[in-house]
Ligand SMILES: CC(C)(COP(=O)(O)OP(=O)(O)OC[C@H]1O[C@@H](n2cnc3c(N)ncnc32)[C@H](O)[C@@H]1O)[C@@H](O)C(=O)NCCC(=O)NCCS
Ligand SMILES: Nc1ncnc2c1ncn2[C@@H]1O[C@H](COP(=O)(O)OP(=O)(O)OP(=O)(O)O)[C@@H](O)[C@H]1O
């Protein structure tokens with residue numbers, strides 16, 4: 001599994017980047033959408049209308065985002081109040097969704113660097129575009145320079161975010177150019193998301209040694225370990241112990257067909273492919289270098 005935290009300047013193209021990666025195979029979780037979900041909660045609606053009056057409600061009782069935006073983005077106290085109310089819900093929902101997913105996941109989080117980066121984000125992606133382009137692109141949303149700047153006052157500055165991000169996407173050209181550059185990254189991210197552990201078992205040491213040599217030479221697995229196992233079998237009050245060997249290594253799920261065929265040809269008795277939910281950053285980088293290249 002690989003979770004990318006996608007953030008960026010206001011109106012720079014976070015959603016556009018996420019949607020392009022979605023079309024290339026990623027699953028998306030969107031913090032803005034979850035924040036909008038939070039606004040449907042009756043307690044949240046009651047607290048907001050008690051604080052700001054019924055002006056923040058539409059005729060149908062739903063929240064009026066543009067009125068809330070004009071209140072919270074022009075007053076730090078109100079901004080903090082709303083963030084304290086909405087963010088815990090968004091954080092919990094995001095974590096819950098991540099737990100139910102696998103593979104390559106994009107978490108679109110406008111405040112990724114402003115709030116603590118969640119532990120389940122593996123890599124951060126910062127989407128940036130010059131202000132004049134953002135103005136032109138967001139005009140249709142009714143956002144002018146003041147609206148963009150008033151939201152951005154609450155965000156960390158661009159230089160800090162650029163320095164902190166694992167990957168910076170400059171969205172300063174056409175959508176076609178953006179798609180081309182994102183599809184190159186997508187190929188890598190899909191393989192990173194598919195890093196896995198493989199296991200094979202045999203009671204014959206020679207069989208397992210030969211399989212290890214063949215797999216090791218293929219370059220499609222790395223960090224091979226051979227572990228002697230003792231299987232304890234309790235039957236009718238007595239214990240019998242069988243020796244066998246486990247070969248364990250890292251690989252990529254894309255190579256599984258080859259790995260399984262090789263292990264079967266070499267005569268291993270059982271094979272397993274185990275998905276990995278989380279790797280340390282250093283181990284992930286090393287495995288990418290060793291297996292994906
Ligand atoms: C104030 C609200 C109702 C305005 O809704 P609106 O439809 O105008 O904007 P939307 O939610 O779609 O956000 C659009 C963009 O505004 C910017 N933005 C949104 N929230 C924030 C914020 N707290 N700080 C700075 N910029 C923000 C981001 O670039 C975001 O992508 C809404 O943004 C909100 O509830 N914000 C508080 C919750 C929050 O911080 N959400 C961000 C994800 S955790
Ligand atoms: N390379 C591009 N060329 C032209 N238009 C673009 C490009 N990238 C994004 N856009 C347009 O710019 C607008 C803003 O993009 P998008 O909604 O992806 O930004 P965002 O960062 O998600 O915004 P927000 O801050 O509201 O979350 C959209 O109308 C989108 O279609």
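Numbering starts at 1 and runs along the chain as it is shown here.
Cβ atoms are placed via backbone N, Cα and C, with glycine included.
TrEMBL: automatically predicted annotations, no manual curation.
The annotation ATP binding site is assigned in TrEMBL to 11, 12, 13, 14, 15, 16.
Locations of recorded TrEMBL features on the structure.
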residue	record	Cβ within 10 Å
11	ATP binding site	22
12	ATP binding site	26
13	ATP binding site	24
14	ATP binding site	26
15	ATP binding site	18
16	ATP binding site	19
Where residue 16 (ATP binding site) sits in the secondary structure, as DSSP reduces it to three classes: helix
Secondary-structure category, per DSSP, in which residue 11 (ATP binding site) falls: coil
